[in-house]
DNA sequence: TGTTCGTCGATTTTT
DNA sequence: TCGACGAACA
Ligand SMILES: Nc1ncnc2c1ncn2[C@@H]1O[C@H](COP(=O)(O)OP(=O)(O)OP(=O)(O)O)[C@@H](O)[C@H]1O
């Protein structure tokens, strides 16, 4: 009888899935079935070892990964309820759940709110103003970055020196300290706090830790190479009693070092759990051999890695194509045409195809060209829905209603729409609040009755504002989130403040606000018992595009980071230029190897066909700049890689090539031809000869394909271009 | 207090 | 090219 959980596993995979209790370390390369193993193991624990869903703590680093894992487990084990009961989620979300219950033990309120990057930046700016630090002296975004880097490593303000050495050390420490005070007073936690405070909770309250150790009998971490020091400490605390901790990782796929990820933790696992069982998976089940070889050759240039074996039994498949164009428009156009051809002439559906890029800003051109050709596509996690100003404003209203002490949100909406409460008044109110050590809202409430401290217009504005908030708070007690939202939207007259609905810009904002209503409805339907606090937490931690199901038949577009863990039959990596991939700033900060890993991750997502794109010049800040090909392109093997100029490319031919399995030699690749030339005797002699073409100039014949009338030459011109010419038309002159 | 216009400056990746 | 911020005006 077929067993969905234990069938279709190789012996090593099976060993990993069914390993007995105790620490388990699985180190394995791309496409070797790591995710398959960890999901099957969870299913196995549930079905055959009779664990309850809530006893399993499975952490991931992205919402997408969590969603994917949960879906797979539910598919294996079944049960509608299961999806809600299984604690498979990101570290941040698992921690938020714990803190929501236990916050009081740390002196924090249960209804804390989670502030995102933007809130964080505005908080930093706020405290810098209060401290009288000019943003020319220290850039707020820099201060933010340093604060986060400290918090990732559980460093207090006085320890700032450990992450930077600069004359600003004192200043940054002061900002950090003030920032902490400010967000605490606002009843807010930032992303880093979620992890760190959970660790602190466990360290300071052994009895609470013990409860969670009792509860979570199995700890699992996917993509373990991405773990940072705080997260590692967290899982060590949880597993301290039973040591039932299983992790899977691949050091070649560490792409989050800027979030504190460190390969060292892979080694340290063995230090903390010396009795660990270690399993290597060495067979790649995903990619055609040419793709795997190209990726392996590339990553071999990294020094910071173990030497893993990764083999495949797959046929060579089509060559990896390096597609070059003159400009980014040419590049995008070529991509779009090739996508169309793959759809039309080959067996690929749109949803089999993905386009990856280093930075999200790059997606635009490619989107445009796809749209021009009417190719359905979806951008995964581009401009984040909840990042839009109008959405953030409305959510800030909900946050203030939920917890008026949240000064961060309060400041966002106090004069939006305009209520005549200007900078001057606000400053006075904030001073008063600071002097007395009470939340800003407290002061507002008093001013609303006393009318003191501010001018007439401001006082009226405050009065009406406080009045509204109080009404909404009352209303929130016995109404749904949606009802509350609609009421706020109506009574705040926010819509009108956006301007004339005849304007396109305004209309799209209004549409976003309608979409928010839809999102709230969806949420309330899926979680009927959820509170406003639950909703706001969900909003902060889960991007709605994350759970946009991949149901549409559309080309997927995303950053290389988002691509991790996924697979597609066809992958395009666009913008393979120096400065972009590897990204200049990363390179300057000494993280070239991480950029190479990023490229490696992208390449290994492909099953059948991989296209790496590049262009000679690109507009940067509106200015056209020379854009040399990526270092990584030069690190690819010569064999199994085909270089094509977009201007000369026949997309139909490329599409047919993509469909070939590379074994019959219908269209051989450059490398194969060099190694094993097969062609008619007459042409044979030309292979490797220098020739001159009337129009194209001189070059070398590096390949001969087909025979008879179909014979074609593959010619490498002296400028590096590759062209394919039908032999009977090619008027070539042999040189020398 | 609110609006508009010009200048300047800056760009990663995710929770 | 876009957006954030400051100065000058309504
Ligand atoms: N034993 C197997 N037999 C057949 N196919 C397998 C087997 N193991 C894994 N696969 C397939 O190989 C592909 C890669 O598996 P999976 O995503 O689990 O790998 P991974 O190691 O997590 O990859 P990566 O680290 O690159 O994200 C999937 O399509 C999976 O279905």
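Cβ coordinates are placed from backbone N, Cα and C, and glycine is handled just like the others.
Annotations in TrEMBL come from automatic prediction, not curation.
The domain 'UvrD-like helicase ATP-binding' annotation in TrEMBL covers A:7-288. The ATP binding site annotation in TrEMBL covers A:28, A:29, A:30, A:31, A:32, A:33, A:34, A:35. What TrEMBL lists as domain 'UvrD-like helicase C-terminal' is A:289-565. Taken from TrEMBL, the feature region 'Disordered' covers A:663-684.
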Long-range Cβ environment of residue A:29 (ATP binding site), under 8 Å and at least 6 residues apart: A:250, A:252, A:281, A:282, A:284, A:308, A:309, A:310
Residues near residue A:31 (ATP binding site) in space but at least six apart in sequence (CB under 8 A): A:284, A:285, A:286, A:287, A:292, A:310, A:567, A:604
Protein Cβ atoms within 10 Å of residue A:32 (ATP binding site), excluding its own: 28
Segment confidence, the domain 'UvrD-like helicase ATP-binding' (A:7-288), expressed as mean pLDDT: 92
DSSP three-state assignment (helix, strand or coil) for residue A:28 (ATP binding site): strand
A:28, A:29, A:30, A:31, A:32, A:33, A:34, A:35 excluded, remaining Cβ within 8 Å of their centroid (ATP): A:250, A:281, A:284, A:285, A:286
Among A:28, A:30, A:34, A:35, the one of these binding-site residues whose Cβ has the fewest neighbouring Cβ atoms within 10 Å: A:35
Around the Cβ of residue A:33 (ATP binding site), the count of other Cβ atoms that are within 10 Å: 23
